[in-house]
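What Swiss-Prot records for Asp11, Ser61, Asp443, His444 is Mn(2+) 2 binding site. Under the heading phosphotyrosine, Swiss-Prot lists Tyr35, citing sequence analysis as support. Per Swiss-Prot, the feature active site, phosphoserine intermediate maps to Ser61; the stated evidence is sequence analysis. The annotation substrate binding site is assigned in Swiss-Prot to His122, Arg152, Asp153, Arg184, Arg190, Arg260, Pro261, Asp262, Arg263, Lys335. Summarising the annotation, Swiss-Prot assigns Mn(2+) 1 binding site to Asp402, His406, His461 and lists sequence analysis as the type of evidence.
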Amino acid sequence: MRKPTALIILDGFGLREETYGNAVAQAKKPNFDGYWNKFPHTTLTACGEAVGLPEGQMGNSEVGHLNIGAGRIVYQSLTRVNVAIREGEFDKNETFQSAIKSVKEKGTALHLFGLLSDGGVHSHMNHMFALLRLAAKEGVEKVYIHAFLDGRDVGPKTAQSYIDATNEVIKETGVGQFATISGRYYSMDRDKRWDRVEKCYRAMVNGEGPTYKSAEECVEDSYANGIYDEFVLPSVIVNEDNTPVATINDDDAVIFYNFRPDRAIQIARVFTNEDFREFDRGEKVPHIPEFVCMTHFSETVDGYVAFKPMNLDNTLGEVVAQAGLKQLRIAETEKYPHVTFFFSGGREAEFPGEERILINSPKVATYDLKPEMSIYEVTDALVNEIENDKHDVIILNFANCDMVGHSGMMEPTIKAVEATDECLGKVVEAILAKDGVALITADHGNADEELTSEGEPMTAHTTNPVPFIVTKNDVELREDGILGDIAPTMLTLLGVEQPKEMTGKTIIK
């Protein structure tokens with residue numbers, strides 16, 4: 001009989017004493033509360049510099065899983081780019097310089113697209129502002145902005161403030177015009193809803209979609225129709241004569257300034273894959289010799305990379321594999337890349353002895369319509385694996401508290417927490433029945449704050465600490481832990497030596 005050591009990541013499950021707007025506190029969760037009271041527990045920091053982000057920056061799933069899997073603080077793309085701007089290296093970046101040289105020589109346009117907010121999860125508008133300043137410095141005349149509106153990592157109705165900030169930089173530099181506006185629901189889909197991506201592509205390339213004289217007018221009209229930032233229809237900004245300010249054409253260059261890959265891949269593929277088949281792009285398929293991605297998005301995206309990946313050696317998955325242990329990664333679609341690619345330090349391939357189980361997320365418009373998502377199917381599949389004695393190490397993600405938490409709606413999020421708790425109980429009982437040990441934690445908060453103090457929906461992640469429980473009564477845990485300390489703790493429990501690259505410290509005293 002194998003005695004599995006399982007890491008259970010309750011995505012978006014933060015801890016906060018205040019119960020107002022706190023779906024985690026208001027939900028009935030007898031299993032979690034029981035384990036918290038019965039077993040050694042502590043809290044971990046999952047935001048800011050503890051996970052390689054700027055101070056005070058909320059954590060997110062990509063960052064959380066990278067830090068957990070690496071067993072160290074992993075300096076994030078946001079921090080890397082910020083430092084490059086601060087130290088003057090950003091403007092010297094060869095990939096940016098090559099794109100600028102190309103448009104200057106050919107007299108073509110430079111298009112900047114990405115998520116326009118200061119959420120810092122997928123992008124940061126300061127990086128786009130740095131690109132505007134660089135373009136101005138280098139004498140690029142035609143610079144067009146294709147703004148993806150957020151409303152998810154920031155407040156749901158905040159787009160206007162980011163448009164205003166952009167207009168200030170346009171005024172300061174003398175370059176840049178808004179060309180298209182679209183909500184991230186369309187431009188940043190990651191679930192193969194290609195009909196959404198197609199609307200965005202057609203606006204950018206063909207000038208198809210609702211037309212407005214300004215970005216401000218687009219947002220105002222959307223709000224008047226009850227459509228907020230995330231869901232704004234891909235729209236085209238037009239000149240006085242109703243012609244598009246700009247479309248993307250042959251020999252133009254693109255800099256896609258999102259730094260997080262998962263929601264950038266699909267739209268990038270439409271522009272970079274010659275044999276793209278997910279939808280018919282129509283007669284006009286612009287040839288873009290310089291398509292620049294801020295970071296490495298995927299092998300499926302044929303673009304240049306401005307900030308190339310940093311190699312993360314000896315992640316938990318690799319160390320476990322080298323020790324000859326069998327490991328399982330399991331999640332539903334929305335969090336599958338997190339327990340595989342991100343947890344393995346940005347590696348797509350499996351390690352020897354690694355098995356992966358993907359359970360499809362339900363096809364609903366938004367997850368508040370189905371707060372349980374596919375958690376029961378994930379749980380059934382995992383309990384079956386545990387009972388069959390197949391794995392020494394299990395990495396599980398329950399997506400609900402995060403994905404439903406993003407709705408900013410209390411009732412569905414409470415249901416999500418309660419479904420998570422029910423399934424947590426089933427998984428932990430199966431592990432304990434095999435004399436195994438479960439480590440229960442989260443990658444960041446979300447469901448712990450669903451309402452602002454004004455009673456408005458709070459759709460973003462939080463900076464609250466996350467739980468850490470070890471279902472083993474003969475250990476003592478220290479305070480001040482961070483996500484990067486989880487892997488060393490697991491290795492302690494497994495009796496496997498911690499490699500020098502893992503600079504985290506075990507939480508077991």
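Backbone N, Cα and C atoms are what each Cβ position is placed from, and that goes for glycine too.
Location within the structure of each feature annotated in Swiss-Prot.
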residue	record	contacts (Cβ under 8 Å, 6+ apart)
Asp11	Mn(2+) 2 binding site	Ser61, Lys335, His338, Asn397, Phe398, Ala399, Asn400, Cys401, Asp402, Met403, Ala442, Asp443, His444, Asn446
His122	substrate binding site	Gly114, Leu115, Asp153, Arg184, Met188, Asn258, Phe259, Arg260, Arg263, Ala264
Arg190	substrate binding site	Asp262, Arg263, Ile265, Gln266
Pro261	substrate binding site	Thr295, His296, Phe297, Ser298
His406	Mn(2+) 1 binding site	Arg152, Tyr367, Asn446, Thr459
His461	Mn(2+) 1 binding site	Gly12, Met58, Gly59, Asn60, Val121, Asp153, Asp402, His444, Gly445, Asn446
Using an 8 Å cut-off from the Cβ centroid of Asp402, His406, His461, can you name the remaining same-chain residues around the Mn(2+) 1 site, in sequence order?
Asp11, Gly12, Asn60, Ser61, Cys401, Met403, Gly405, His444, Asn446, Ala447, Thr459, Ala460
Considering each pair of residues in His122, Arg152, Asp153, Arg184, Arg190, Arg260, Pro261, Asp262, Arg263, Lys335, all listed as binding substrate, report the largest CA to CA distance in Å, no decimals.
18
Binding-site residues compared (Arg263, His444) - highest count of Cβ atoms within 10 Å:
His444
Give the sequence-ordered set of same-chain residues, not counting Asp11, Ser61, Asp443, His444, with Cβ within 8 Å of the centre of the Cβ atoms defining the Mn(2+) 2 site.
Ile9, Gly12, Ala46, Gly59, Asn60, Gly64, His65, Lys335, His338, Asn397, Asp402, Ala442, Asn446, His461
Counting Cβ neighbours within 10 Å across all chains shown, tell me which of the binding-site residues Asp153, Asp402 comes out on top.
Asp402
Give the number of CB atoms, excluding that of Asp443 (Mn(2+) 2 binding site) itself, located within 10 Å of its CB.
33
Tyr35 (phosphotyrosine) CB neighbourhood, other CB atoms within 10 A:
21
